[in-house]
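Data first, discussion second: the structure below is written as structure tokens.
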Amino acid sequence: MGETHNHNHNHSHQHHGPPPVVAAPPTSLPGHVGGPVYPPAEQLHQLHFCIHSNPRWPEAVLLAFQHYIVMLGTTVLIASIIVPLMGGSHNDKARVIQTLVFMGGINTLLQTCMGARLPTVMGPSFAFFIPVMSIVKDFGDGSFESEHDRFVHTIRAIQGALIVSSFFNIIFGYSRAWGHCARFISPVVVVPVVCVVGLGLFQRGFPRVAQCVELGLPMLILLVVCQQYLRRLHKLAHTLFERYGLLFCTTIIWAFAAILTVAGAYNRAREQTKISCRTDRSYLISSSPWVKIPYPFQWGPPIFRASHVFGMMGAAFVSSAESTGTYFAAARLSGATPPPTYVLSRSIGLQGISMLLDGLFGAAVGTTASVENVGLLGLTHVGSRRVVQISTAFMIFFSIFGKFGAFFASIPLPIFAAIYCVLFGIVAAIGISFIQFTNNNSMRNIYILGLSLFLGISIPQYFTQFYDANGHGPIKTSGGWFNDIFNTIFSSPPTVALLVGALLDNTLDAKHTGNDRGIPWWLPFQRRKGDMRNDEFYCYPLRINEFLPSRYLH
């Protein structure tokens with residue numbers, strides 16, 4: 001298998017400087033008449049900077065700022081949907097966005113230092129939407145003196161549910177239960193899970209581009225042309241457009257949107273069109289304070305209800321499954337080995353601590369690994385951990401100095417949607433690349449991959465459409481908490497793909513098809529001592545290993 005035969009060979013050149021940009025040389029099979037056949041490659045050779053290699057500081061700061069801009073889209077979208085339903089004003093929405101961005105910076109720094117150690121940005125998750133909507137409905141009975149009072153009571157109830165449900169992840173992670181479950185994951189399962197981590201978010205792509213097609217479509221076309229075609233004009237243009245093309249394109253289309261707004265192009269448009277297209281309809285700049293530091297219990301003491309907690313636990317499980325798929329994609333796009341089971345356990349445990357902090361600080365939803373920021377690693381060919389860590393400085397700074405952060409958060413959402421069309425596609429394609437480590441000609445593997453992929457997209461689509469049409473999921477019993485748990489689980493594409501794929505892969509002739517499943521290649525990476533590179537990529541910084549119990553290191 002070419003490079004994959006030897007797990008212990010030295011890859012130090014990929015961590016102390018840019019790896020070679022040439023692909024693995026093609027080989028010819030005996031009796032093969034067609035073109036060249038490319039051997040499997042554990043690491044992508046076109047990455048300019050891997051997890052341990054870092055750009056120069058000016059470049060790293062610009063790349064980090066791109067990560068900050070990309071994570072803003074989902075943050076603003078979640079707040080824009082949830083806060084008005086909670087009864088919040090524009091000022092409340094601005095404060096929620098500030099809190100979400102602030103917690104994103106804190107949680108990203110924790111995860112890159114003490115968790116997965118991969119270059120993944122931690123941001124707000126749509127997995128918490130259903131249980132949050134259940135809490136909103138519980139407080140929508142009109143018994144409050146004002147809408148602001150209803151908003152405050154609702155977010156305090158969300159705080160209480162996040163605080164208690166966070167212990168699900170903390171216990172499941174640090175007890176190593178998540179790692180033991182991850183042993184049932186093989187490359188055959190990783191392919192559909194990572195694929196639908198990207199493809200499952202298709203509704204946040206072109207459907208939202210079309211909400212303002214005169215901004216979204218030019219952004220999509222310009223990003224592809226600039227990043228893939230214009231970079232070929234000159235060596236300097238290659239570096240600039242490949243690494244910073246997203247910033248150039250966003251600035252150009254954002255300026256174009258401002259010109260259209262000032263020129264009155266949307267003065268007579270529908271209200272929804274104004275919200276999507278105009279640059280002055282977010283009201284974030286006028287509503288945000290100049291300086292405001294998010295602090296624990298800023299909305300008041302949490303409200304605890306058992307029904308809210310159980311529903312939020314389902315979302316905690318879903319966010320863990322989605323993050324697991326995202327970590328596999330991030331490892332491949334940063335030149336690291338697949339994350340071992342002990343790394344997955346501690347990352348999910350730390351994600352529980354992040355949820356606890358989200359609850360304490362009053363974030364509207366919990367945390368998960370950001371798919372779009374992982375896609376940005378592939379777009380820029382820079383998988384450096386330091387770049388993502390620097391991006392946390394932008395998150396924390398702009399969340400405290402609200403006016404400046406609101407300026408960037410006012411970018412129209414169709415511009416972000418166009419970016420997502422590219423970034424989510426990259427993550428989906430990275431999932432496909434894992435198939436090279438399995439037997440592509442095995443009808444058993446083809447069956448599992450096909451069914452997992454299709455059901456991973458089809459089942460959540462049914463649950464989502466049912467919820468949008470009826471205001472509740474298809475599972476509707478007298479137990480609201482029961483409904484929230486299962487409606488949340490089956491609304492998540494990565495979770496459905498993981499459950500279906502793992503069940504089929506471990507029950508369909510699993511013992512006699514180990515080679516077809518890629519198990520001999522996979523197993524060394526799942527143990528700390530199985531591959532010498534595991535320690536290099538995933539060990540704690542600053543000799544922290546020496547002070548931790550060994551059970552958290554294996």
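For all residues, glycine too, the Cβ spot is worked out from N, Cα and C.
Lifted from TrEMBL, the feature list:
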COMPBIAS  7-16  compositional bias 'Basic residues'
REGION    1-26  region 'Disordered'
TRANSMEM  65-87  transmembrane segment
TRANSMEM  116-136  transmembrane segment
TRANSMEM  157-178  transmembrane segment
TRANSMEM  184-202  transmembrane segment
TRANSMEM  245-266  transmembrane segment
TRANSMEM  387-409  transmembrane segment
TRANSMEM  415-434  transmembrane segment
TRANSMEM  446-465  transmembrane segment
TRANSMEM  485-504  transmembrane segment
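Away from its own ends, the transmembrane segment (415-434) comes close to residues 70, 72-74, 76-77, 187, 190-199, 201-202, 204-209, 211, 215-217, 219-220, 223-224, 227, 246, 250, 253-254, 257, 325-326, 328-329, 332-333, 371-372, 374-376, 378-379 of its chain (Cβ-Cβ under 8 Å, at least six residues beyond either end).
Of the candidate ranges 65-87, 157-178, 184-202, 245-266, 446-465, 65-87 contributes the most Cβ pairs within a distance under 8 Å of the transmembrane segment (387-409). Below 8 angstroms of C-beta separation, residues 131-132, 135, 138-139, 297, 299, 302-305, 308-309, 311-313, 315-317, 319-320, 341-342, 344-356, 358-360, 362-366, 551-552 of the same chain, each at least six residues beyond the ends of the transmembrane segment (157-178), sit close to that stretch.
Panel annotation: around the transmembrane segment (485-504), residues 127, 130-131, 184-185, 188-189, 192-193, 195-197, 199-201, 310-311, 313-315, 317-318, 321-322, 324-325, 447-449, 451-453, 455-457, 459-460, 463-464, 467, 472-475 of the same chain, lying at least six beyond its termini, place a Cβ under 8 Å from a Cβ of the stretch.
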